[in-house]
Each structure stands twice: as C-alpha cells, then as structure tokens.
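Novice: Attaching a single structure in structure tokens format; questions to follow.
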Amino acid sequence: FCLDSFILYYCLNMVFFIKIPMFFFHLWLPKAHVEAPISGSMILAGVMLKLGGYGLLRVMKLFLKIGLKINIYIIIISLIGGLIVSIMCIFQSDIKSLIAYSSIAHMGLMLSGILTMNLWGVWGAFSMMLAHGLCSSGLFCLANISYERVLSRSIYLNKGMINIIPSLSLWWFLLCSSNMAAPPSMNLLSEILLMNSLVSYSMLLSFILFFMVFLSAVYSLFLYSFTQHGVVNSNLYSFFQINYREFLLLFLHWFPLNCMVIKSELFIL
C-alpha cells in the first residue's frame, strides 16, 4: 500500500517535522526549554521529541514513491539547518539555550537518516533517538544542578566551577564528551550509521556532515571549558557538593548511554 500524493505527504508529515523539530519549524523548542522547569525540559528532550521520529518511522513507508522524489530536498534543508544551528550554539550565553539548539542539530541529522529510507538510516535514527534522549536529558539535569547553586544559567557567570563543585565537573566532562559523540557512547554508533546512510544516498552530503561533526565537538568543548575552567565568579565563595540523589540521577543517564553500545545488535534489527 503506497500513497503518491504530495499534499497528503506534506499534511501528514508536517506534524512530525514540527514535533522533531525540523529546521524552519524549530523556533518553539529553545523558548520551551528555557522557560520550562527541569522536569519539563528532561521529559521534552528525553521522550516527547522522539515521538516525532517514531511517527516518521511508522509513516514513511507509506510514501515510498513520492519520498524517493522529494526527500532529498528535505534532507538538504535539515542538514544545512543543522549546520546553521550548530554555529548558533557557539554564540549562546544561556546553558539551557545551548543544549536546546544542540538538540535541534542532532534531530536534524536523525530526520535526514529516516528520510533516506534505507536500513542504515533507520538503524541510525533509532540509535540516535535513544542516545540523544539520555544525553540531552542528562545535560539539562546538570544545567539545573548548577543553576540551583549559582542562581544563574549564564555561561559567563558559571566559570571555574571545577574549583567550586569538583564532583560535578566529572559529569560535565562525561556528558559533554558523549554529546560530541566520543567513544564509547551510543552517540558515536548512531552518527556512524547515519553518516553511512547519508553518504551512500549522496556523496555531496559528506561536506555538510563533516562540518556538522566538527562543530558538534566545538560547542560541546565550548560548554565544558567555559563553565568548568577560567576565573571563578567572586560571588561564589564556598564549596557546593552534589548529593547522592543527584549523583544517582546523573549515573542513570550516563551508564546506559555508554553500555548500550555493548549490545548494539538490539538496535540493528
């Protein structure tokens, strides 16, 4: 059963493009994350954005004919949009805003993998949804833990935190390195699968992918280095430690994120 109508394709998939969100329809996400409480940001990043990807995985096979004709244009828009958003991440001063724009870049890559309509793309998109759900949710949790102690989300006020909260600096390093797809995180496996899918779809996409991966490392290192190193804000005068509840919460994000790669055959069906 295959549908060959551009209007039906547009109307049915636009819901999922907004939910993921695709570039051009992403403006609601940074505002929602910045205004939301910590629980809202974690559920939005970890679960709700993935519903758009799941819907596309279920629906896209209905549009095989029309998809082979027009998906390439949506892929190009998503990847160029992801590149633009990655550049915007470097200029953010709000920690939650930076993580939100990072989510848009990763979801653009995931959307492009689904639209290639090959097995590598589906496997990569599924892995990316799992990996990003854990990594992004953990980063929002970290941002809130820092905010509760410093009372500011500004990158420029949260400086030198390795001297103030040394126990938290470890988690910033682990989750920022996972966000830039460093091994052995699930993000690395998902990006390898998605790049294989997109480069086999069109070699011209490899140039955009190269810059997206490079900028992913740039803004992740920017977030870690600016918040953890540098001159300590003079208003911060005592050592704040994280408690066991927060440590367990961060561990339950990081541990499955890095251990799922051991059983990666579960995601490559």
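Cβ coordinates are placed from backbone N, Cα and C, and glycine is handled just like the others.
Pulled these from TrEMBL:
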type	residues	note
TRANSMEM	6-29	transmembrane segment
DOMAIN	6-214	domain 'NADH:quinone oxidoreductase/Mrp antiporter transmembrane'
TRANSMEM	41-64	transmembrane segment
TRANSMEM	70-91	transmembrane segment
TRANSMEM	98-117	transmembrane segment
TRANSMEM	123-143	transmembrane segment
TRANSMEM	164-182	transmembrane segment
TRANSMEM	202-226	transmembrane segment
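Distances, neighbours, how buried they are, the whole picture for these features please.
Specialist: Long-range contacts of the transmembrane segment (6-29) within the same chain, counting only residues at least 6 positions beyond its ends with a Cβ under 8 Å from a Cβ of the stretch, are 48-49, 51-53, 55-56, 59-60, 63, 66-67, 70, 74, 77-78, 80-82, 84-85, 100, 103-104, 107-108, 110-111.
Within the chain carrying the transmembrane segment (98-117), a Cβ under 8 angstroms from the stretch's Cβ atoms is held by residues 17, 20-23, 26, 29-30, 32-34, 45, 49, 53, 56-57, 60-61, 64, 67-68, 71, 74-75, 78-79, 81-83, 85-86, 88-89, 92, 124-125, 128-129, 132, 136, 139-140, 143, 155, 179, 190-191, 193-194, 197-198, 200-201, 205, 212, 215-216, 219-220, 223, all 6 or more beyond its ends.
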